[in-house]
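Trainee: In case it helps, TrEMBL gives these features for our protein:
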SIGNAL    1-19  signal peptide
TRANSMEM  43-67  transmembrane segment
BINDING   115, 117, 538, 542  Mg(2+) binding site
BINDING   115, 116, 117, 219, 260, 283, 317, 397, 398, 399, 512, 518, 541, 542  ATP binding site
ACT_SITE  115  active site, 4-aspartylphosphate intermediate
DOMAIN    564-818  domain 'P-type ATPase C-terminal'
TRANSMEM  598-616  transmembrane segment
TRANSMEM  628-648  transmembrane segment
TRANSMEM  676-697  transmembrane segment
TRANSMEM  717-735  transmembrane segment
TRANSMEM  747-770  transmembrane segment
TRANSMEM  790-811  transmembrane segment
């Protein structure tokens with residue numbers, strides 16, 4: 001829009017100039033320069049000239065820019081696809097740029113929203129510990145009763161007595177096997193529940209060789225554990241589940257499955273045993289299941305809670321398991337209503353969930369399971385590097401608070417050097433508000449203003465009334481918020497508090513969040529902060545978050561392809577994220593900025609020469625250059641050098657980019673191309689056009705050739721001006737290039753050679769004889785470019801155009817160097 005306004009202004013000035021000139025001079029010159037047919041007044045002539053100049057000066061509007069930008073983006077996308085350092089050999093997965101329009105935004109990320117399971121961790125689950133009937137299993141103790149560390153040399157439990165055991169399963173606490181062998185009732189019931197309450201499908205290709213296909217790795221790990229401890233899930237049909245219990249095959253009738261979903265956070269099955277007993281088995285998140293227990297479980301609940309906190313503190317994923325014996329008459333009535341609800345045409349989901357709630361109460365607590373999910377390689381280092389690049393990391397996970405915090409510490413998100421880690425766990429909106437405010441008071445005591453004052457601050461700081469200014473805390477802080485509290489914090493009046501407090505923290509961890517809340521958190525930051533956001537996840541539950549953020553990254557892990565299919569970029573390991581942002585993202589951003597600066601500069605320098613020439617040609621819309629030069633300038637002479645720079649340029653190489661993450665910061669603040677930089681390019685273009693017009697004009701004015709013939713004509717002037725222009729923009733791109741390759745050299749020297757070759761060909765006698773009307777500049781090239789004074793004029797133009805740029809850059813590097821200058 002600014003360029004269009006600038007174009008209109010120039011045309012208006014020239015049109016007014018033409019009106020005045022025709023009125024003052026042209027009117028009396030009509031014998032020599034007759035007015036065109038239909039023109040009967042100077043003002044009408046000015047009106048027509050306005051449109052003539054729009055046609056001549058339209059090259060300031062960079063239309064070919066769009067094509068070049070797409071080519072550059074496509075090239076930079078290929079670099080991501082081809083990067084061997086982002087290829088994961090274990091499952092043959094290269095990195096993939098699934099879109100070509102966002103590369104430069106990868107160099108401007110301020111917030112990363114990450115899932116935990118499968119993104120920071122491997123999503124390969126192993127059954128590690130459990131609590132059954134108030135007793136904790138899984139730790140190893142020495143002779144003196146001290147707990148010992150489990151190493152590779154620790155003796156594993158021998159499962160050879162069980163012919164159907166999974167040989168890959170390892171467990172170290174022998175007391176659990178003893179409990180199973182002694183027919184301990186709660187232990188048997190615990191493993192029976194694990195072998196029945198799931199949606200796993202078994203495959204038995206060879207007799208006794210079982211392979212489980214599980215929807216989630218957690219389920220697979222629990223069923224495998226039950227299998228090794230003697231409760232082998234063997235087969236399932238729609239009506240039955242076959243389990244081999246301690247060597248004895250039993251067939252349970254499967255009467256109902258009460259599905260897991262993100263709101264219920266639990267699943268149940270109702271089965272009839274071969275003996276005819278009706279039982280409901282349930283497993284789910286502790287926060288949910290504890291509310292459904294029978295009052296007689298209080299004592300056991302306290303013991304289990306202690307064990308749960310201990311497990312979560314070690315970073316293990318926990319589930320609680322419970323059961324309930326059902327009454328035959330009640331169940332028959334319930335299953336009839338269940339059938340009606342499941343065939344209802346309206347409100348089926350609501351009716352079913354009401355029935356599920358009705359039967360899933362007064363449960364008897366059995367115990368809890370704890371599953372280990374190891375961190376991926378390189379996660380702590382990656383998070384450390386990204387934090388140094390001033391990127392804020394938010395982890396959004398469905399895990400328990402203790403598990404999430406433990407993973408936070410183990411992957412360097414949270415560390416002991418932090419001033420404080422705030423935990424927001426209020427159960428009413430007032431509690432949450434107070435906790436958020438107290439946290440903010442501690443981080444920045446002077447930020448306490450009423451919300452009205454915040455709104456006033458808004459309007460002063462930006463045009464959009466809802467962009468919040470960035471606030472700095474007085475140290476490094478972390479924030480942990482639970483899903484329950486987050487639900488309150490995302491409500492209208494609290495969301496502002498949440499954004500202000502959370503954005504001051506270096507790290508935010510949201511635990512026990514639903515997929516919808518993940519997307520709401522991302523949306524909130526997008527709404528109130530002027531920042532580019534990136535979301536990274538690996539499963540279907542991350543899709544909404546990936547789609548909400550500006551840039552979505554999918555990890556192709558254990559959970560299928562849904563996250564990858566809805567993402568913009570994908571790869572196999574979290575650690576590749578630092579290379580994607582700090583190398584590819586930063587280079588793409590720098591290349592795009594350099595390209596835009598140079599493109600605007602060369603077009604302004606080229607077009608504005610016409611503007612100055614108007615004052616010397618009676619504003620008659622006469623072009624300075626030969627029409628062929630105008631056609632070929634953007635198309636042939638200057639297109640390849642700028643593409644070469646935009647595809648290959650790097651200020652420092654990839655190793656240094658990761659070694660010095662601070663180099664990433666200018667991109668976040670958009671320092672390399674903004675309105676200020678654009679105005680600078682424009683001024684530089686205006687300055688160059690002045691030099692490129694007046695030096696050739698002065699040099700050709702009343703000039704003689706060395707043999708006494710005159711070359712002070714329009715055609716010689718046009719040729720000198722266009723030669724100066726092309727050499728100046730070629731030198732300028734040389735100055736802008738920081739990384740020289742053979743291709744850059746070839747494009748720059750090649751473009752200059754092509755210019756001289758085409759010029760001498762087009763201005764030759766032969767072309768004039770064949771196409772007389774099209775090539776009127778006969779002999780101009782050989783007559784003008786053979787004169788030493790012409791070359792001196794060209795040299796003077798180049799020096800005057802380039803010297804201020806070189807001087808300014810030299811002083812800037814000395815006095816106010818950028819981070820990459822320092823490196």
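Any Cβ shown, glycine's included, is placed from N, Cα and C.
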Trainee: Compile a sequence-ordered list of residues in the same chain as residue 317 (ATP binding site), six or more apart from it, whose Cβ lies below 8 A from its Cβ; state 'none' when nothing qualifies.
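Mentor: Set apart from residue 317 (ATP binding site) by at least 6 residues yet with Cβ under 8 Å, we have 117, 125, 218, 370, 371, 372, 373, 399, 400, 403.
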Trainee: Measuring Cα to Cα, how many angstrom lie between residue 541 (ATP binding site) and residue 115 (Mg(2+) binding site)?
Mentor: 9
Trainee: Give the distance between the Cα atoms of residue 398 (ATP binding site) and residue 115 (Mg(2+) binding site), rounded to the nearest whole Å.
Mentor: 9
Trainee: Same chain only, sequence gap of 6 or more: which residues have a CB within under 8 Å of the CB of residue 538 (Mg(2+) binding site)?
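Mentor: When sequence neighbours closer than 6 are ignored, residue 538 (Mg(2+) binding site) has 115, 117, 118, 119, 123, 554, 555, 556, 557, 558, 559, 563 within Cβ distance under 8 Å.
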Trainee: Return the count of C-beta atoms lying within 10 angstroms of the C-beta of residue 512 (ATP binding site), excluding that atom itself.
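Mentor: Neighbour count, Cβ to Cβ under the 10 Å cut-off: 23.
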Trainee: Mind pulling out the one from 43-67, 598-616, 628-648, 747-770, 790-811 with the most Cβ pairs under 8 angstroms to the transmembrane segment (676-697)?
Mentor: 598-616
Trainee: Output the single range from 43-67, 628-648, 747-770, 790-811 maximising the number of Cβ pairs under 8 Å to the transmembrane segment (717-735).
Mentor: 790-811
Trainee: May I ask for the distance between residue 260 (ATP binding site) and residue 542 (Mg(2+) binding site), taken between their Cα atoms and rounded to an integer number of Å?
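Mentor: Counting only the Cα atoms, the answer is 17 Å.
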Trainee: By Cβ distance under 8 Å, which residues at least 6 away from the ends of the transmembrane segment (790-811) in the same chain are close to it?
Mentor: 684, 687-688, 691-692, 695-696, 698-700, 711, 720, 723-724, 727-728, 731-732, 735, 784
Trainee: Among all chains shown, work out which of the binding-site residues 117, 541 has the most CB atoms within 10 A of its CB.
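Mentor: The largest 10 Å Cβ neighbour count belongs to 117.
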Trainee: Does anything in the same chain, at least 6 positions from residue 542 (Mg(2+) binding site), have a Cβ under 8 Å from its Cβ, and if so what?
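Mentor: Same-chain residues close to residue 542 (Mg(2+) binding site) (Cβ under 8 Å, separated by 6 or more) are 115, 119, 515, 518, 535, 536, 563.
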Trainee: Taking each of the binding-site residues 115, 260 in turn and counting other Cβ atoms within 10 Å of its Cβ, which one has the fewest?
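Mentor: It is 260 that, of the binding-site residues 115, 260, has the fewest other Cβ atoms within 10 Å.
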Trainee: Could you give the residue numbers and ranges of same-chain residues that sit at least 6 residues beyond the signal peptide (1-19) on either side and whose C-beta is under 8 angstroms from one of its C-beta atoms?
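Mentor: Result: 42-43, 45-47, 49-51, 53-54, 57-58, 60-62, 608, 611, 614-615, 618-621, 678, 682.
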Trainee: So what's near the transmembrane segment (747-770) in sequence-distant terms, Cβ-Cβ under 8 Å and 6+ beyond its ends?
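Mentor: Residues 626, 628, 632, 636-638, 640-641, 643-644, 719, 723, 726-727, 730, 733-734, 776-782 contact the transmembrane segment (747-770) from elsewhere in the chain.
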Trainee: Summarise the model's confidence over the domain 'P-type ATPase C-terminal' (564-818) as a mean pLDDT value.
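Mentor: Averaging the confidence scores along the domain 'P-type ATPase C-terminal' (564-818) gives 94.
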